[in-house]
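Feature annotations, courtesy of Swiss-Prot:
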type	residues	note
TOPO_DOM	1-10	topological domain 'Extracellular'
TRANSMEM	11-31	transmembrane segment
TOPO_DOM	32-40	topological domain 'Cytoplasmic'
TRANSMEM	41-61	transmembrane segment
TOPO_DOM	62-81	topological domain 'Extracellular'
TRANSMEM	82-102	transmembrane segment
TRANSMEM	105-125	transmembrane segment
TOPO_DOM	126-141	topological domain 'Extracellular'
TRANSMEM	142-162	transmembrane segment
TOPO_DOM	163-231	topological domain 'Cytoplasmic'
BINDING	ALA224, ILE225, LYS226, VAL227, PHE228, GLY229, LYS230, SER231	ATP binding site
TRANSMEM	232-252	transmembrane segment
TOPO_DOM	253-275	topological domain 'Extracellular'
TRANSMEM	276-296	transmembrane segment
TOPO_DOM	297-318	topological domain 'Cytoplasmic'
TRANSMEM	319-339	transmembrane segment
TOPO_DOM	340-344	topological domain 'Extracellular'
TRANSMEM	345-365	transmembrane segment
TOPO_DOM	366-374	topological domain 'Cytoplasmic'
TRANSMEM	375-395	transmembrane segment
TOPO_DOM	396-401	topological domain 'Extracellular'
Amino acid sequence: MYVVESKAGAIGCMILSLCCLGSWPAILTLLERRGRLPQHTFLDFATANLLAAIVIAFSLGEIGKSTFLKPDFTTQLPQDNWPSVLLAVAGGVLLSIGNLATQYAFAFVGLSVTEVITASITVVIGTTLNYFLDNKINKAEILFPGVGCFLIAVFLGAAVHASNAADVKEKLKSLPSEDLYSSIENGEDKPEIEKTDVESQEKLAEKAKAGTAGFYVELENKRAIKVFGKSIMIGLFITLFAGISLSLFSPAFNLATNDQWSTLPKGVPKLVVYTAFFYFSIAGFLISLILNLIFLYRPMVGLARSSLKKYIYDSKGRGWAVFAGFLCGFGNGLQFMGGQAAGYAAADSVQALPLVSTFWGIVLFGEYRKSSKRTYALLVSMLAMFVAAVAILMASSGHRK
């Protein structure tokens with residue numbers, strides 16, 4: 001199997017992983033904003049995620065010479081390593097539930113802020129756990145200041161969200177139609193605007209430039225998850241739940257591949273990254289399949305009811321959802337490969353993915369467009385702190401013996 005031997009190789013894996021894991025949320029957000037049901041999107045996403053793990057296992061997991069301590073993927077499959085397999089399965093379930101929750105949080109809280117909050121929880125809980133599980137192979141004097149920088153960036157991100165929310169509220173007050181603004185406040189549908197008055201809808205679309213009040217109204221009319229009039233606590237609760245789930249999957253994977261609790265029978269080698277990732281991804285796919293099949297018929301947060309037949313025939317946006325799944329799958333694989341070499345605490349530097357997600361949020365969705373100078377100043381400060389956090393966490397990486 002292919003093994004990352006050098007610190008430089010591990011850091012390279014982390015950088016590539018950061019780009020992949022920071023980009024797929026933008027694709028899911030794009031599809032939801034275009035009106036595709038999140039249940040349909042996540043089924044495609046989860047399938048591609050599993051395929052990525054299979055490709056990695058049967059390619060990188062089979063390269064090179066197989067040894068007793070580092071067997072290749074197919075050699076290890078029949079071995080008696082179920083305690084570690086169950087830990088990998090637990091990690092896959094946690095990641096999948098966390099990703100599923102973030103998909104809904106993106107609509108309520110926004111792409112950038114959702115990623116900031118979930119990443120902060122992951123850094124505080126997950127990175128600290130990984131540091132001790134890895135027998136402190138990372139440099140604490142560098143690692144924890146990096147965590148501190150990340151937390152500062154989190155508070156800056158919260159300030160960005162508050163400032164931008166105030167900007168948006170002020171823009172919506174400028175709408176010329178009091179009735180239209182009332183519908184936004186109460187979350188009510190206006191059939192005369194959305195369905196019958198095509199001319200008014202076209203005029204609104206013509207004026208809807210990113211960052212304007214018309215832009216937010218048009219977005220609400222198109223998107224799958226309606227958010228106007230909904231309590232912000234719904235989104236924050238979903239985001240908090242997602243963050244806790246995501247903070248625990250990496251320590252579970254760490255335990256699966258390094259057996260710190262000595263659960264394996266004597267003489268059985270530890271799970272290699274590729275075998276653990278294979279079981280990890282199968283578990284994630286199965287829990288995603290079960291939950292989203294339920295959500296097709298019993299949808300959450302006021303979504304339209306669907307069916308398996310409707311999902312099969314809903315090909316619009318499927319290619320993008322599959323692409324997002326591959327990005328997530330390969331991103332996770334690269335994170336684990338880098339973590340095996342440099343320590344999972346350092347590999348958790350990929351949780352600075354809000355840096356990438358914020359970039360896509362600005363470029364693709366016009367987030368913070370036409371905002372106040374205060375919002376821009378806070379945004380630049382947050383991004384600068386994220387850059388510092390990534391650099392410091394990567395510099396803390398040690399080398400597993």
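The backbone N, Cα and C atoms fix where each Cβ goes, glycine too.
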Subject >> Segment confidence, the topological domain 'Extracellular' (1-10), expressed as mean pLDDT >> reply: 77
Original post:
Taking every protein chain shown into account, which of the binding-site residues ALA224, LYS226, PHE228, SER231 has the largest tally of Cβ atoms within 10 Å of its Cβ?
Top reply: ALA224
Original post:
Counting other CB atoms within 10 A of each CB, which of the binding-site residues ILE225, VAL227 comes out lowest?
Top reply: VAL227
Original post:
the transmembrane segment (232-252) vs the transmembrane segment (11-31): three or more C-beta pairs under 8 Å (separation of 6 or more)?
Top reply: no
**OP:** Establish whether the number of Cβ pairs under 8 Å between the transmembrane segment (319-339) and the transmembrane segment (11-31) reaches at least three, counting only pairs separated by 6 or more residues.
**Re:** yes
**OP:** Look at every Cβ pair spanning the transmembrane segment (82-102) and the transmembrane segment (276-296), keep those 6 or more apart in sequence, and say whether at least 3 of them are under 8 Å.
**Re:** yes
Subject >> Entry from the binding-site residues list GLY229, LYS230 having the most other CB atoms no farther than 10 A >> reply: LYS230
Original post:
Taking a Cβ cut-off under 8 Å, which residues six or more beyond the ends of the transmembrane segment (11-31) line up next to it in the same chain?
Top reply: 4, 38, 41-42, 45, 102-103, 106-107, 111, 114-115, 317, 320-321, 323-325, 327-328, 330-332, 334-335, 337-338, 341-342, 346-347, 349-350, 352-357, 359-361, 364-365, 390, 394, 397
Original post:
Can you say which of 105-125, 142-162, 276-296 has the most Cβ pairs under 8 Å with the transmembrane segment (375-395)?
Top reply: 142-162
Subject >> Residues from the same chain, set at least six apart from the ends of the topological domain 'Extracellular' (253-275), whose C-beta lies under 8 A from its own >> reply: 1, 56-57, 60-61, 68-73, 76-77, 79-81, 83-85, 87-88, 91, 129-130, 133-135, 333, 336-337, 339-340, 344
**OP:** Tally the residues of the topological domain 'Extracellular' (253-275) by DSSP class, grouping H, G and I as helix, E and B as strand, and everything else as coil.
**Re:** 9 helix, 0 strand, 14 coil
